[in-house]
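J.: Please find one structure pasted underneath; my questions will follow.
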Amino acid sequence: MKWVTFVSLLFLFSSAYSRGVLRRDTHKSEIAHRFNDLGEKHFKGLVLVAFSQYLQQCPFEDHVKLVNEVTEFAKKCAADESAENCDKSLHTLFGDKLCTVATLRATYGELADCCEKQEPERNECFLTHKDDHPNLPKLKPEPDAQCAAFQEDPDKFLGKYLYEVARRHPYFYGPELLFHAEEYKADFTECCPADDKLACLIPKLDALKERILLSSAKERLKCSSFQNFGERAVKAWSVARLSQKFPKADFAEVSKIVTDLTKVHKECCHGDLLECADDRADLAKYICEHQDSISGKLKACCDKPLLQKSHCIAEVKEDDLPSDLPALAADFAEDKEICKHYKDAKDVFLGTFLYEYSRRHPDYSVSLLLRIAKTYEATLEKCCAEADPPACYRTVFDQFTPLVEEPKSLVKKNCDLFEEVGEYDFQNALIVRYTKKAPQVSTPTLVEIGRTLGKVGSRCCKLPESERLPCSENHLALALNRLCVLHEKTPVSEKITKCCTDSLAERRPCFSALELDEGYVPKEFKAETFTFHADICTLPEDEKQIKKQSALAELVKHKPKATKEQLKTVLGNFSAFVAKCCGREDKEACFAEEGPKLVASSQLALA
């Protein structure tokens, strides 16, 4: 890289990082500004989502009352920005409103103490009380009742959907949830007039639920990354991903987008959903205005209405690689001035390396690209302190080979197993694997993580070879983050804490390297843990699987060194036992009679 080019790049990069592309005008009334920008419909939806994410146990009607009061106040401020209290910050206005809830102390306990604090400490306090695993009932589709409610009052029906999703996912990306609510509305608009509402709705709602869970997991990873690793780590993640998506965009352009995308997500993670949605709309506008220099895949997105446009941009496929990309070694391994460039502007130089490497490798996962950049940085730190730096860093690219081979080998091994046994048994293998790594973790969490990891096989193993690695490791990052988030609330394993907090890039290899926990004292065998009743026969298939998989995790906790064959025998016996008794006329009598025999034979098989 010629030095004059690097200087101009440094100027562009620094300018982009300090300014970004979003407007940052000051307004007399923040709430009036956001109300005018977003419009009443989106304003109300986002305030409802924000309040539901903070107070997850409050009834829907209570939240609607708060939202209506805030909306009326916003209208007053929009009409006269100098009206009383209109100059207060959104955190102050929303926090004051939340603190008026009469049942705050009784329902939320310590959260009520937040109301004694001043901003910004009060909002930070509210954030720490968000519950990633709230004790809320499972939502089940009831097509007839739901269609009646939808036709009677569509706005209330969609508001209830926003509320139910938001309180179960307290870090859900606010503006994206508005998009999913439109999908939800479209599903009911299509299916409610159908003769068989159930047959029409169920597949659509199941598919929407999967998209919701994925979207929630993606945003939770961003919010956790801000909290545990800081803004620099989030920006590095985004540089790698956007460089893969937009390989034709230059580094300064990618940097600008990363800066503002980071701002958008930081706002949403901090509960600032109105600013987040407003800034996201501005960023989508900027990207579409500059699409010619960013990506050839954006045109279809940019023709859509706002919510669909932003969603489409976020999900857009990687653009085609430019055909004239030069080899990287010349600039990053052979140039004699590398140490000078690195010392003069470390973040810019490393950012440039990450951008250049990532745009050439859509076949790598983001965390692999970050591990490569981390290795490159460590090599420069070492070599630039030596007598002959160029001789030292000349072979740096050779160090990347084992970093690439490790996840490729892991993906092949896991996909081979998935293709051999199918999703359910693949999940079982992962539940066993992770229970052995961290037997102290609660059984419901281990089963949830094992099932999620198992679904990665279905999602990724059928893809072409070039897409398997990024698909697998990017989705593994989401599942492992869920484990880390749940473990952070109730930490039980120092090894898990270390993997979760040491390094975002190294998190997956850290978990992969965990072995059987030799210091774990096995759980005592309790017959009631493996006692089942006739109600299992009428459960939906996924709930039946969870019951069996919970028993499997408990078996491993009882016998961590049980062999694969032993566990397979016991699980096979258990499945046969359930099938046998569910086929009997007097199911409960069968469970009562055969259950103790199963427990005894299981103990014997594991002895």
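Along the chain as shown, the residues are counted starting at 1.
Backbone N, Cα and C define each Cβ position, glycine as well.
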J.: With reference to Swiss-Prot, specify which of the listed residues Cys461, Cys499, Cys500 is paired with Cys484 by a disulfide.
T.: Cys500
J.: Return the residue out of Glu30, Glu506, Glu515 that Swiss-Prot annotates for the same Ca(2+) 1 site as Glu267, Asp272, Glu275.
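T.: So, going by the record in Swiss-Prot, that would be Glu30.
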J.: According to Swiss-Prot, His270, Asp272 bind Zn(2+); which one of His91, His129, His475 is annotated to that same site?
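T.: My reading of Swiss-Prot gives His91 as the candidate in that site.
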J.: Which residue in the list Cys312, Cys339, Cys415 does Swiss-Prot annotate as forming a disulfide bond with Cys384?
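T.: Within the candidate set Cys312, Cys339, Cys415, Swiss-Prot assigns the bond with Cys384 to Cys339.
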J.: In Swiss-Prot, Cys192 sits in a disulfide bond; tell me which of Cys125, Cys147, Cys223 is on the other end.
T.: Cys147
J.: For the Ca(2+) 2 site that Swiss-Prot gives with Asp278, Asp282, which of Asp37, Asp517, Asp535 also belongs there?
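T.: Only hit among Asp37, Asp517, Asp535 in Swiss-Prot's Ca(2+) 2 site, alongside Asp278, Asp282: Asp37.
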J.: Would you identify the secondary structure of His27 (Cu cation binding site) according to DSSP, in three states?
T.: coil
J.: Select the most exposed residue of Cys77, Cys114, Cys269, Cys415, Cys582, where exposure means the fewest other Cβ atoms within 10 Å, treating these as the disulfide-bonded residues.
T.: Cys582
J.: In whole Å, how far is Thr443 (phosphothreonine) from Glu275 (Ca(2+) 1 binding site) when you measure between their Cα atoms?
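T.: Rounded to the nearest whole number, the Cα-Cα distance is 39 Å.
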J.: Cβ within 8 Å of the Ca(2+) 1 site's Cβ centroid: which residues qualify beyond Glu30, Glu267, Asp272, Glu275?
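T.: Other same-chain residues near the Ca(2+) 1 site: Arg34, Leu90, Leu273, Leu274, Cys276, Asp278, Asp279.
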J.: What count of other C-beta atoms do you get within 10 angstroms of the C-beta of Cys537 (disulfide bond), across all chains shown?
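T.: So the number of other Cβ atoms within 10 Å of Cys537 (disulfide bond) is 18.
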J.: With Cβ-Cβ distance below 8 Å and at least 6 positions apart along the chain, what are the contacts of Glu267 (Ca(2+) 1 binding site)? List them in sequence order.
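T.: Once residues fewer than 6 apart are set aside, Glu267 (Ca(2+) 1 binding site) is near Leu273, Glu275, Cys276, Asp279.
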J.: Which ones in the same chain are close to Cys115 (disulfide bond), with CB under 8 Å and 6+ residues apart in sequence?
T.: Gly95, Leu98, Cys99, Leu104, Arg122
